[in-house]
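Per Swiss-Prot, ATP binding site is recorded for 26-33, 144-147, 181-184, and the stated evidence type is sequence analysis. The active site, proton donor annotation in Swiss-Prot covers His33, and the record cites sequence analysis as its basis. Per Swiss-Prot, (R)-pantoate binding site is recorded for Gln57, Gln150. Look at Swiss-Prot and you will find Gln57 tagged as beta-alanine binding site, backed by sequence analysis.
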Amino acid sequence: MYIAHTIDELRSHLAAFRRPAFVPTMGNLHEGHLALVKQAKPLGDVTVASIFVNRLQFLPHEDFDTYPRTWDSDCEKLRTAGCGVLFAPDEKALYPEPQTCKVHPDPALADILEGHFRPGFFVGVCTVVMKLFQCVQPRVAVFGKKDYQQLMMIRHMVRQFALPIEIVGSETFRADDGLALSSRNGYLSEAERAEAVQLSKALKAMAQAVQAGERDLAAIEARAMQALAQRGWQPDYLVLRRRSDLQAPSSANLAGEPLVALAAARLGGTRLIDNLEIDAMPS
């Protein structure tokens, strides 16, 4: 595995390839990340992963300084997964001067859900992904569906800027009990880890209610919020949205509309997110 620490090193090495397949990460890799790398391998002639903890997408009170940096372990995992190139710039390499030119995504998508609770988050995400795209020049990039809103944002950005990049969404990788894998799961205590599965269970209960014919979506959402709150969680949102644009669907017109249940909630000091796609109801 070739490791590039500067943009020039990366571009020089990738000049020999025609179809890079790219997986951007912030490190602290788990099996979910490695599944993305393995999915990317047959999609290009070289698989490129990046590790960069992007300051721009962290709010002042969030965990930028304490976000786990696990360099040696990450490199070994990527080698084992068959990654061909690792781009691991430091902050000075990727942001040699203050990043005053930023990507401000569509507020209709960026200012709801995660964007509402983490203002400016998607500006930071889209800006760093655009910059990484310019460095790697991939023909395909693989993102996990666990960050559902982020995936939609990246697809929208690629479409709006006519970037010649195919965006592939990969299914969420889960532990045996159903918990979505996340780098932040490591913050959980043993007791919190046992409790954390309740987030995916709440999403399943929401999906089952819709599939059983219940049409009062606000009531479904309220039940899910209450169920977690009663267990000691601090939920930000548990909502049912259209998959097409993440807007609230009409309860009276759900036929043929694919939905997604999305959740964000804090358990102790750890904020977890998850989602579950729901098949369209028959007409």
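Each Cβ is built from the backbone N, Cα and C atoms, and glycine gets one as well.
Overlay of Swiss-Prot annotations on the structure.
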{"residue": "Asn28", "record": "ATP binding site", "DSSP class": "coil"}
{"residue": "His33", "record": "active site, proton donor", "DSSP class": "helix"}
{"residue": "Gln57", "record": "(R)-pantoate binding site", "DSSP class": "helix"}
{"residue": "Gly144", "record": "ATP binding site", "DSSP class": "strand"}
{"residue": "Gln150", "record": "(R)-pantoate binding site", "DSSP class": "helix"}
{"residue": "Leu181", "record": "ATP binding site", "DSSP class": "coil"}
Rounded Cα separation (Å) that holds between Met26 (ATP binding site) and Gln150 ((R)-pantoate binding site): 14
Other CB atoms within 10 A, centred on Gly32 (ATP binding site): 20
Nonlocal residues around Lys146 (ATP binding site), in sequence order (Cβ under 8 Å, 6 or more apart): Gly32, Thr172, Phe173, Ala180, Leu181, Ser182, Ile273, Asp274, Asn275
Cβ atoms near Gln57 ((R)-pantoate binding site) (within 10 Å, other residues, all chains): 21
Close binding-site residues near the residue listed as 'active site, proton donor', where close means Cα within 10 Å, chosen from Gln57, Gly144, Gln150: Gly144
Candidates Asn28, His30, Ser183, namely the binding-site residues, that fall within 10 Å of Gln150 ((R)-pantoate binding site) by Cα distance: none
Chain-internal residues, separated by at least six, CB under 8 A from Ser183 (ATP binding site): Met26, Gly27, Asn28, Leu29, His30, Tyr67, Pro68
Distant-in-sequence Cβ neighbours of Gly144 (ATP binding site), under 8 Å, six or more positions away: Gly32, Leu36, Leu151, Gly169, Ser170, Thr172, Phe173
